[in-house]
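J.: Encoded as structure tokens, here's the structure I'll be asking about.
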Amino acid sequence: MAEYKLEVTTGNIKHAGTTDNIYVILFGSEGQSERTKLDNSGIDFKAGKTRTYTVKPASSLGKLLFIKVEKDPLFIFPENEWYCSTILVTAPEGDMIVFPCYRWISRGELVELRGGKAPCRNLLLFVQIRTGSIYKKNDVSQKLQHCHHNLLLFFKPICLHCFAHICFSGSELKFKGLAGSLKKWKDIDDMKNIFWSKKTTLSEYVSEHWKEDDFFGSQFLNGTNPNVIKRCSKLPPNFPVTDEMVKPFLETGTTLEKEMEKGNIFLCDQKIMDGIPARMKDGNPLYATAGLCLFYMNPEQKLIPIAIQLHQQPSEQNPIFLPSDLETDWLLAKLFFRSSDQIEFQAVHHLLSVHYLAEVFAVAALRCFPTIHPLYKLLIPHFRHTLHINVVGRKTLLGPGGFNYAGLCELMRRALSQMTYSSLCLPENIAARGLETIPNFYYRDDALKVWNNINSFVKSVVEYYYDSDSNVCKDSELQEWVNEIFTHGFLKNKLSGCPSCFNTVAEVIKFITMVIFRVSAQHAAVNDGQFDYNSWIPNGSLLLCKPPPVTKGLSNMQTLLEVFPNVGDTVKIVSTVWILSDKYTDVVPLGTYPEEHFDEPAPKQMIKEFQAELSYLSEEIATRNSQLKIPYPYLNPAVIENSVTI
């Protein structure tokens, strides 16, 4: 009789343990064991604990290939799910094989775990023995249902964090008589007193400097939406800005054409917003524009707006606003432009290009990769909580009482039809927009360094497992994964440039770098500054209650107050961006891999080197920020989360 020793580890997270019955079957090249119950004296499966069991088949099973794990109820007790981390098996011959799990297991599930090291160096064997070791496509709905079923357990730290903030904020706002109030603001400064304690250094700075043109311009480089501004070498025909209009704002003796030739003129064009269905609130329409804004990088290296047109087609009712106009006219023009920028940012650059793409990457990985696959091990930590937050987000944003469903869907439809693979790859994106040399672009500086760190790490891991382009081509799981993304994420749009297959190791490295950067650093860049920049409503609001001006010279401060959302809607927006920007207690920073999916020493060392590089960069960014009037902290690796979790 042979004896196999099993060291079974339960995850060290809340509610991970179970009192249910756990059974295993070992499968080897020479046979399989009987279904064996794992049962010692005392409580067997406590959170964070490892217990040892034995399985005794009649003879050696040969090369151990995979394990089947099953959980059955204990008597009539209610469902008691189990989070299994790993099972380490020591064979009679002395071989030690790790079977990674890192997932919740429910009653009635039969979970199959593959063990061993890198499969890609023996692809033929791997394909022969992979049967049953991957969640097949026809089982994916069951797996995703399981994911939803575990929403409260798996997502508990964030849910409790948000719930606590909502309760605390709601109590304070009700005490002040602000929550649900339909009153309009009587004075802009009254908005500073929405919360007593929920303030940051940057949010306070925004409330004091929101009127300043150079601060307005800086937000298109280092605010929540650094994704839209481009260098302008020729004005669009529908934006008839003349030299005479902007001459007072340019350096003496120069012209608009000369400044474009020098590379000092930049454009933000919101044409994607043109004709988006308006949202109705209380029977009245809310207003959004599809404007164009021209920026000038002046000799002081400050990016300032010099002309704003609020609609795409020029006309007498669509004037070009200038900094020399009546102060409130210019403030209104900037307010409407920033409002549309926020709508586009939230729908396109935050929700679609990060959250929903991350979901595509994650679901494709769950469908196509077995847990033992090295790229599953590399990617799965970067999908933590992503499906769960997206489920919550869809109910909140697209459900009853949520945002403008028709407008949001149309905006994302347009964006997806225009999305390109190169736009998702940061170095190509920056080059295509002509922003390689624009000064004081801290998002670009930090993002490129993080991209390069990720790329170096991914390169070392991928090249360790794929020593030739031929191995890439032969890896059916890898090919299936990228094809799923092309099919379901990019809807088979060949014009997008998204690959539907991989032919080289270099292509794999680039694609995975893009995936990890997007779900970690890019999400941090567009999410984490929301309270800093978007909690001060005069700086730009998702809701505007009056139409944009069609003539100049008729506005005053009362006009602005009428445009702003009412008190109740304002505090709802401020509370939301506070929750989205705040850090909770269960954060996993970029480069941190608490679950040891990799068994080989080499990738473990690569992770350590990756962490060291990120640590150096963190110190560099912190030093830089200490010398800036307006720091840019969002891409400091110490605060970048490993995945999309909020």
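Every residue, even glycine, has its Cβ placed from backbone N, Cα and C.
Those TrEMBL annotations? Automatic predictions, nothing curated.
What you see is a predicted model, and the numbers here were worked out from it, not measured in a lab.
Pasting the feature list from TrEMBL:
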DOMAIN    2-119  domain 'PLAT'
BINDING   GLY17  Ca(2+) 1 binding site
BINDING   ASP39, ASN40  Ca(2+) 2 binding site
SITE      TRP104  site 'Essential for stabilizing binding to COTL1'
DOMAIN    169-646  domain 'Lipoxygenase'
BINDING   HIS350, HIS355, HIS523, ILE646  Fe cation binding site
J.: Only counting partners 6 or more residues apart, tell me which same-chain residues put their Cβ under 8 Å from the Cβ of the residue listed as 'Ca(2+) 1 binding site'.
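T.: Those within reach of the residue listed as 'Ca(2+) 1 binding site', by Cβ under 8 Å and sequence separation of 6 or more, are THR10, ILE43, PHE45, LYS46, ALA47, LYS49, TRP82.
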J.: Counting by DSSP, what is the helix, strand and coil composition of the domain 'PLAT' (2-119)?
T.: 0 helix, 60 strand, 58 coil
J.: Among all the protein chains here, how many other CB atoms are within 10 A of the CB of TRP104 (site 'Essential for stabilizing binding to COTL1')?
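T.: Counting Cβ neighbours of TRP104 (site 'Essential for stabilizing binding to COTL1') within 10 Å gives 23.
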J.: Would you list, in sequence order, the residues of this chain other than HIS350, HIS355, HIS523, ILE646 that have their CB within 8 A of the centroid of the site's CB atoms, where the site is the one recorded for Fe cation?
T.: LEU351, VAL354, ALA358, ILE389, VAL526, ASN527, LEU580, VAL644
J.: Which one is it: of the recorded positions ASP39, ASN40, TRP104, whose Cα lies the shortest distance from the Cα of ILE646 (Fe cation binding site)?
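T.: Minimum Cα distance from ILE646 (Fe cation binding site) across ASP39, ASN40, TRP104 lands on TRP104.
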J.: Specify the nearest of the recorded positions ASP39, ASN40, TRP104 to HIS355 (Fe cation binding site), where nearness means the distance between Cα atoms.
T.: TRP104
J.: Looking only at the domain 'PLAT' (2-119), report the model's average pLDDT.
T.: 90
J.: Pop the Cα-Cα gap between ASP39 (Ca(2+) 2 binding site) and HIS523 (Fe cation binding site) into the table, whole Å please.
T.: 44
J.: If you draw a 10 Å sphere around the Cβ of ASN40 (Ca(2+) 2 binding site), how many other Cβ atoms fall inside it, taking every protein chain shown into account?
T.: 10
J.: Under 8 Å Cβ to Cβ from ASP39 (Ca(2+) 2 binding site), same chain, six or more residues apart: give me those in sequence order, or none if nothing qualifies.
T.: ASN21, TYR53
J.: As a test of the contact definition, list every same-chain residue at least 6 positions from HIS350 (Fe cation binding site) whose Cβ is closer than 8 Å to its Cβ.
T.: VAL526, ASN527
J.: Roughly how many Å lie between the Cα atoms of ASN40 (Ca(2+) 2 binding site) and TRP104 (site 'Essential for stabilizing binding to COTL1'), rounded to a whole value?
T.: 22
J.: Of HIS355, HIS523, the binding-site residues given in the record, which has the fewest other CB atoms within 10 A of its CB?
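T.: Minimum Cβ neighbour count within 10 Å, taken over the binding-site residues HIS355, HIS523, occurs at HIS355.
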J.: ILE646 (Fe cation binding site) has how many other Cβ neighbours within 10 Å of its own Cβ?
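T.: Taking all protein chains shown, ILE646 (Fe cation binding site) has 22 Cβ neighbours within 10 Å.
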